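**Student:** What follows is a structure written as structure tokens; I'll ask about it next.
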């Protein structure tokens, strides 16, 4: 709606390249951009040598010729100027400008499609390019996910042994065709040899155990070392989960190379190595990054997306949905994940294309069949008993545990990551990865529940005990004198194997909690979904077994007596594991709707949505009591990315005048006048400062806002004018008005810059509540807006100012203001306490006095927005 109105007013926003690129963490927050009007009809000529205003005695001579006032100049702004419309690294895009540019492109295509068959074909190609790019993204995401799953399973089993009949088979595949496997030892077959059997020639005994222990540590360290070296040397952006950065990119931030081909290739390889190393991490989060890399690369094949950053982010939203679809086999959950968790701008057509991309990716993954079970879901479960109302109590308790775990993990992990950044330990990422991998391997091997792959552990914890299960967790059901038959009383007491498994699970829970804190954030690809789910599944299975034994030994309690019939199986421990996994993942990420859908798609347990919803909402409420930030938002804030979270509420009572720069105690704002400057004065500002834009006012006396001019566009205009036209001198008058000012006859040719002036910048009054200002920045994707009072420009608010203000308010909670505060008459710095304007000469200084302030010692620092005469940053 907003951009539509701006277009009909002859307005369109173009971008700029900042002259000085950001190079520090402070400058990662610099993203202020401004607005330009390249679509005026009568002011297209940058050098207006003809049609002087009435009364003007300006005349131009060329060489010794006669005076001429009708020289026709080249409108070089009509030509594409290199650099215009693109963005520098670590800058924010202008959403309104990009949307306006896309509408203009669409109108041009529609206006030409009836001219010829070729133009009609081009219009069809443009219309279908969105579906083509998400189709390619889905195909690539599904294929890469299948490759990663197969390779990770094979390399994970490589730590324990090798298949002699076929080296490329993992343990399970190796024994598929064997006729010598037994029910109790279904994973043992002659074709599969452990490293002790290959090296020592014996499968049992202390020597074989030590040899297998040693080879397990050797392979774990080798995989971890290779992964971190590849990341450090070839693609530093391939480390971590990638979801915090993708959330920031989708909000409009530019991070060059983060979604490039090198990052895709290295992340795909190192993700397999990191998972196979046995570190407490998962591949599901990085798969979202891999899918977004595919979407970004394929978007460059279509000009509709390659030349428009806002449209490209629609493809990335669809790609993130495809990433979750192949990570969990949950296409609907992937669409909801993209909508709820990562996307900043999600129109209806993006919803359809996200759904289609998730569908294509899931279809490709199902065709590859990496799990060998002919199912799309990762942890398929089939419970034979329903849940009962009294079980909501332990389900809610699991939700409380998930919320507490999430709050503890976020604080502990952020504290460790901050310490890593601030100490020398962070300078040695390879050593840190090797150390964590060594501790993980040494501690994990003795415990069978930590030695095995985390996905296999979750699958075992989710599985309901039946006659075909040989796990220790099911010994009280399966040990029936070798007959594998059930008795009439399925709730049998647990045998020693179950209690032994319970102790091992408790140790595994402690181990997973500690190691996940130190693993997430290493310089290797590391996801958080699977480790969090494993912690919740372990806790849930322990609670489920405890509830089952209570139901057996105390079936006459009022809780069990009313719901559980004698001899009936009313407690399903695997269901508790599933609920606990959802609760812990929700506590860490603070997801709700998408998480519930992902879990029931992941397991196929559709009838257990209510327990999942209860646990997930409880974990969110408990986690929010300690802090509303999820782990991804916390890492965004830790890295200093300019991200305005739409979920965060602004409840304070500050006004725009409290946040704008300059403050009331600062020197006045440096501005440009619309017709009083010369090229030399303008160049002095360009050479002496590195600010990105300047407000333009009517005059020194009026001070009313005319528009906003970009520093970069002024530079481009001057350079192009000197290169293409003669007569532009240092003392040439620069004007931003429609007609040239009255000049002496011997004056050099003036330079008209009205076409690069944004005539309708976003403005707010000084009394505008910051709550509204923050909403404007979030919903329109602004980078800056001007603050005015009765048309007089007072200052500027940039995205960085808002982020700094929000951080200050978090550290110092502002008390609620009394009711009279909102009705109190307040005046801007340019007005006295009586409401009358002060002398305007002292309020706004002209650029002409800028050089004097520099000579007096004014320091000019690089910053976004406008420049202050004392050099203080905005």
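Note: Cβ is positioned from N, Cα and C throughout, glycine not excepted.
In case it helps, TrEMBL gives these features for our protein:
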type     : residues : note
COMPBIAS : 853-865  : compositional bias 'Acidic residues'
DOMAIN   : 660-726  : domain 'CBS'
DOMAIN   : 757-814  : domain 'CBS'
REGION   : 852-874  : region 'Disordered'
TRANSMEM : 128-148  : transmembrane segment
TRANSMEM : 216-238  : transmembrane segment
TRANSMEM : 258-279  : transmembrane segment
TRANSMEM : 286-303  : transmembrane segment
TRANSMEM : 315-339  : transmembrane segment
TRANSMEM : 388-410  : transmembrane segment
TRANSMEM : 430-449  : transmembrane segment
TRANSMEM : 501-522  : transmembrane segment
TRANSMEM : 534-555  : transmembrane segment
TRANSMEM : 575-600  : transmembrane segment
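Walk me through where these features lie, including what they touch and how far apart they are.
**Tutor:** Sorting the domain 'CBS' (757-814) by DSSP state (H, G, I as helix; E, B as strand; all else coil) yields 24 helix, 19 strand, 15 coil.
Below 8 angstroms of C-beta separation, residues 268, 271-272, 283, 287, 290-291, 294-295, 298-299, 301-302, 304-305, 314-315, 318-319, 322-323, 325-327, 349, 353-354, 356-365, 367-370 of the same chain, each at least six residues beyond the ends of the transmembrane segment (128-148), sit close to that stretch.
Distant neighbours of the transmembrane segment (216-238): 155, 158-160, 245, 255, 257-258, 260, 262-263, 265-267, 269-270, 273-274, 276-279, 429-430, 433-434, 436-438, 440-442, 445, 451, 522-525; these residues of the same chain sit at least 6 beyond its ends, with a Cβ under 8 Å from one of its Cβ atoms.
Among residues of the same chain six or more beyond the transmembrane segment (258-279), those with a C-beta under 8 A of the stretch's C-beta atoms are 144, 147-148, 151-152, 155-156, 158-159, 216, 219-221, 223-224, 226-228, 230-231, 234-235, 237-238, 242, 245, 249, 286-287, 289-290, 292-297, 316, 436-437, 440-441, 444, 451, 515, 519, 522, 524-526.
For the transmembrane segment (286-303), the list of distant contacts is 129, 132-134, 136-137, 140-141, 144-145, 148, 241-243, 245-246, 249, 259-261, 263-264, 267-268, 271, 312, 315-316, 318-320, 322-324, 326-327, 342, 361, 525-527: same-chain residues at least six beyond its ends, Cβ to Cβ under 8 Å.
Sequence-distant contacts of the transmembrane segment (315-339), counting only residues of its own chain at least 6 positions beyond either end whose CB sits under 8 Å from a CB of the stretch, comprise 130, 133-134, 137-138, 141-142, 145-146, 246, 249-250, 259, 283-285, 287-292, 294-296, 298-299, 305, 345-346, 350-351, 353-362, 364-365, 375-378, 529, 591, 593-595, 597-599, 601-602.
Counting same-chain residues at least six beyond the ends of the transmembrane segment (388-410), those with a Cβ under 8 angstroms from any Cβ of the stretch are 513, 516-517, 532, 535-536, 539-540, 543, 547, 559-560, 562-564, 570-571, 576, 579-580, 582-590, 611, 614-627, 629-631, 634.
Same-chain residues lying 6 or more positions outside the transmembrane segment (534-555) and placing a CB less than 8 Å from one of its CB atoms are 391, 394, 397-398, 401-402, 405, 449, 454, 457-458, 461-462, 473, 491-494, 498, 502, 505-506, 508-509, 512-513, 516, 561, 564, 566, 570-585.
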**Student:** Quick test of the contact rule: Cβ under 8 Å, at least six residues beyond the ends. What residues does that give for the transmembrane segment (575-600)?
**Tutor:** 324, 328, 330, 332-334, 336-337, 339-341, 381, 383, 387, 394-395, 398-399, 401-407, 409-410, 458, 461-462, 464, 528-529, 532-541, 543-544, 547, 606, 608-609, 611-613, 615-620, 622-624, 628-632
**Student:** Given a Cβ distance threshold of under 8 angstroms, which distant residues of the chain, six or more beyond its ends, lie next to the transmembrane segment (430-449)?
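**Tutor:** Same-chain contacts beyond the ends: 213, 216-217, 220-221, 223-225, 227-229, 232, 277-280, 420, 457, 501, 504-505, 507-508, 511, 515, 518-519, 522-524, 538.
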